[in-house]
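Each remark here refers to the structure printed beneath this line.
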Amino acid sequence: MSKVYNWFNERLEIQSIADDVTSKYVPPHVNIFYCLGGITLTCFLVQVATGFAMTFYYRPTVTEAFASVQYIMTEVNFGWLIRSVHRWSASMMVLMMILHVFRVYLTGGFKKPRELTWVTGVILSVITVSFGVTGYSLPWDQVGYWAVKIVTGVPDAIPVIGGFVVELLRGSVGVGQPTLTRFYSLHTFVLPLLAAVFMLMHFLMIRKQGISGPL
């Protein structure tokens, strides 16, 4: 194993990267509340893993979505556990994200020179909520259907462009197959990609600037 490691280390300088990661200075005022962002990331990774597993069985059509979710829960080996963990970690992710935002705000972590870190964090918060809205509709049961109908109908109150925004969200005038397709695409591809990009930016800025000092 040492020969293999040395071979890679000569070409990629793995050891220097590992030393840089493990030797980063941690201020003495840091406590467990500074771990909330990391816990949020962990929940996101659990979401990715369990969500990916369910894509093998879920069918994003208005006629088969609900039945496919039932199939996952009752027929797929450990399907009930995978979906339950997905739901629990989703709730935990939202909770940890809210607590993380409060911690950063209360400790002044948004102040100069960390304004852009705060901005990317706010964007990630919006993405997290969007995950919840789009994921809620995917079982396409009564709760999911009416939730989508209400949420996508809210922009209708906007003057001039309201109708256009509603149709853009739904994919048609009413809520139906185009709506489910769009929400599925957002939930499984667009939002995870955006989350990954902004998380990378968020972490790189934290890495560069370090953790903010005490108030």
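Each Cβ is built from the backbone N, Cα and C atoms, and glycine gets one as well.
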Exercise for the section: Write down the single range among 53-73, 116-136 that appears in Swiss-Prot as transmembrane segment. Expected result: 116-136
Handout entry: Intrachain neighbours beyond the transmembrane segment (32-52), with Cβ under 8 angstroms and 6 or more residues off its ends
Key = 82-83, 85-86, 89-90, 92-93, 96-97, 99-100, 103, 128, 131, 187-188, 192, 195, 199, 211
Fill in the blank from the handout: Among His86, His100, His202, i.e. the binding-site residues, the one with its Cα nearest that of Cys35 (heme c binding site) is His100
Fill in the blank from the handout: Long-range Cβ list for His202 (heme b 1 binding site), cut-off under 8 Å, min separation 6+ in sequence, same chain only, gives Thr117, Thr120, Gly121, Leu124
